[in-house]
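Chemist: For reference, the structure I am asking about is given below.
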């Protein structure tokens with residue numbers, strides 16, 4: 001990735017108001033900015049979870065959705081998703097579908113770093129064999145939505161806060177099959 005990866009800053013209405021270096025926006029007083037989350041689904045309806053690298057600035061070592069990122073200024077979401085799928089997981093994303101267009105959250109990690117994002121949520125498929133970038137992904141697993149729901153209920157602290165907030169909304173929107181084996 002570029003050493004000067006930029007993110008889009010937003011006002012409270014979600015309107016772009018500027019840009020800033022990604023490295024400088026995740027602080028104790030993070031400004032609202034644009035991001036995305038993507039959930040990869042395999043042919044039997046399982047969701048790819050990834051465990052964040054211990055090198056990550058926010059929520060290191062926790063399990064989360066397949067991958068996340070920030071579209072750069074002027075970059076389309078689909079292009080950002082393709083870029084991050086390749087960078088984080090070494091695969092090409094396809095069949096990209098916007099499922100939660102208005103998701104927004106603010107969360108504070110144990111070190112005090114704030115996430116403050118307008119973060120549309122997508123589901124997609126992949127082609128190729130996973131080849132995770134160890135600077136981004138410490139581990140990964142395909143899991144049924146039913147098992148994920150159970151894990152979130154019993155061990156919520158093992159997961160990123162955005163996964164905990166997004167997952168019930170994904171189920172409500174019928175974006176994920178609750179039973180593995182169901183065609184996604």
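Glycine too: its Cβ is placed from the backbone N, Cα and C atoms.
Sharing the feature lines straight out of Swiss-Prot:
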type     : residues             : note
ACT_SITE : 68                   : active site
ACT_SITE : 117                  : active site
BINDING  : 26, 33, 70, 115, 117 : Mn(2+) binding site
BINDING  : 88                   : Mg(2+) binding site
DOMAIN   : 31-165               : domain 'Nudix hydrolase'
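For the listed features, I'd like the structural context: burial, neighbours, distances.
Modeler: Residue 68 (active site) has a Cβ environment of 23 other Cβ atoms inside 10 Å. Secondary structure at residue 68 (active site), as computed by DSSP, is strand.
The secondary structure of residue 117 (active site), as reduced to three states from DSSP, is extended strand. Taking Cβ-Cβ distances under 8 Å and a sequence separation of 6 or more, the neighbours of residue 117 (active site) in its chain are 32, 33, 34, 35, 104, 105, 106, 162.
Around residue 70 (Mn(2+) binding site), the same-chain residues six or more apart in sequence whose CB sits under 8 Å from its CB are 5, 7, 8, 22, 33, 34, 35, 36, 80, listed in sequence order.
Counting Cβ atoms from all protein chains shown, residue 88 (Mg(2+) binding site) has 24 others lying within 10 Å of its own Cβ.
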Chemist: Other than 26, 33, 70, 115, 117 themselves, what residues in this chain have Cβ atoms within 8 Å of the centroid of the Mn(2+) site's Cβ atoms?
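Modeler: Going along the sequence, the neighbours appear as 7, 22, 25, 30, 34, 35, 116, 119.
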Chemist: Of the binding-site residues 26, 88, 115, which one has its Cα closest to the Cα of residue 68 (active site)?
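Modeler: Out of the listed candidates, the nearest Cα belongs to 88.
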Chemist: I need the most crowded of these binding-site residues: 26, 33. Count other C-beta atoms within 10 angstroms of each C-beta and give me the top one.
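Modeler: Its Cβ has the most other Cβ atoms within 10 Å: 33.
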